[in-house]
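A quick write-up on the structure given underneath.
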Amino acid sequence: RPVIVVHGGAWAVPDALAEVSVAGVKAATRAGNVTLMRGGGALDAVEVAVRTMEDDPAFDAGHGAVLNTDGEVELDALIMEGRTLATGAVSSVRNIANPVSLARAVMEKVHSPPPPPPPPLPFPHAPLFCAACLYRLFTCERVKTSSAHLASPRAESVTLPKLHRDRGSCPEGGAMAGCNPTPVGSWAHDTVGAVALDSCGNVASATSTGGIRYKMVGRVGDSPVIGSGGYADNRSGAVSCTGHGESILKVTLARLILSHMDRGKAACEAVERSLRYMGERVQGGGGAVAVAPTGDWTACFTTERMAWAAIHGGILHY
């Protein structure tokens with residue numbers, strides 16, 4: 001049976017944003033599930049789900065993206081499907097309403113013989129490519145206005161609590177011992193992402209973000225990096241990651257999770273082991289959603305909160 005799992009980012013979500021964040025991931029999950037129920041593929045479902053969150057100013061992606069040190073918005077995204085391992089990614093693009101769709105356009109329209117893979121689209125070429133593909137563009141002023149109301153809560157320092165997990169097939173119990181509390185400064189943000197399994201057994205992953213608040217111009221985190229911000233392979237499953245980008249990059253978190261699933265671990269255990277390793281090895285916190293080819297799924301995090309939702313067998317979990 002089809003499955004879709006969505007996250008709105010692992011960070012210290014303030015109380016003022018908690019309700020709208022949960023509402024946002026539920027809406028995104030429902031939108032992706034409609035695609036699956038109409039016979040659409042996993043790739044279509046994750047794109048629709050992530051686009052829904054990019055259009056929601058509650059999240060640090062698309063409309064709600066935070067600003068860099070120059071007061072500009074720079075967006076990163078990736079998308080990947082598990083049947084052929086086709087991928088597309090964009091980094092530091094500006095004035096793009098839905099970078100996840102631009103990433104998919106890169107996957108489908110930018111042809112380059114391997115090796116080398118097509119490079120990330122730099123600004124200002126991305127808007128020209130986007131316009132040619134008939135995708136919406138933003139003015140900088142419009143994006144800044146969308147981000148303004150989120151100026152203060154995301155800049156606060158956070159401390160990593162113990163591991164939290166939510167899942168389809170793991171034993172009951174919401175929290176268990178995980179990373180030791182680790183100060184991580186003001187990196188808090190809320191990358192969005194989705195994974196899905198369709199009725200044909202194909203999996204897909206998508207991740208999108210505006211990055212860390214007041215990041216250096218041109219800074220690229222884990223989100224558009226295949227194997228770190230996300231990965232999908234029909235033989236093992238699909239993962240979308242969120243959290244401290246530099247830490248996720250150092251351990252290639254998405255591939256690390258799937259390596260455990262390749263060795264027979266349940267999705268829940270695979271994510272838990274990987275997040276613990278990241279916490280112990282590089283003192284980084286984060287979260288991930290994952291789905292296996294069997295339909296086994298999980299949403300797990302080591303930060304204070306992570307908005308997530310899933311639909312499996314017609315039942316909404318959140």
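Quick reminder: no glycine exception, Cβ is built from N, Cα and C everywhere.
Please treat TrEMBL annotations as automatic predictions, because they have not gone through curation.
Quick look at what TrEMBL annotates:
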type	residues	note
ACT_SITE	T191	active site, nucleophile
BINDING	R219, V220, G221, D222, T242, G243, H244, G245	substrate binding site
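A gap of 10 Å separates the Cα atoms of H244 (substrate binding site) and T191 (active site, nucleophile). A straight line from the CA of D222 (substrate binding site) to the CA of the residue listed as 'active site, nucleophile' spans 10 Å.
The local packing around T242 (substrate binding site), expressed as other Cβ atoms within 10 Å of its Cβ over all shown chains, amounts to 33. Looking at R219, H244, the binding-site residues in this record, the fewest other C-beta atoms within 10 angstroms of the C-beta turn up around R219. Sequence-distant neighbours of G221 (substrate binding site): residues of the same chain at least 6 apart with a C-beta under 8 Å from its C-beta are D76, T209, G211, I212, G229, G245, E246, I248, L249.
Distance noted between the C-alpha atoms of T242 (substrate binding site) and the residue listed as 'active site, nucleophile' is 6 Å.
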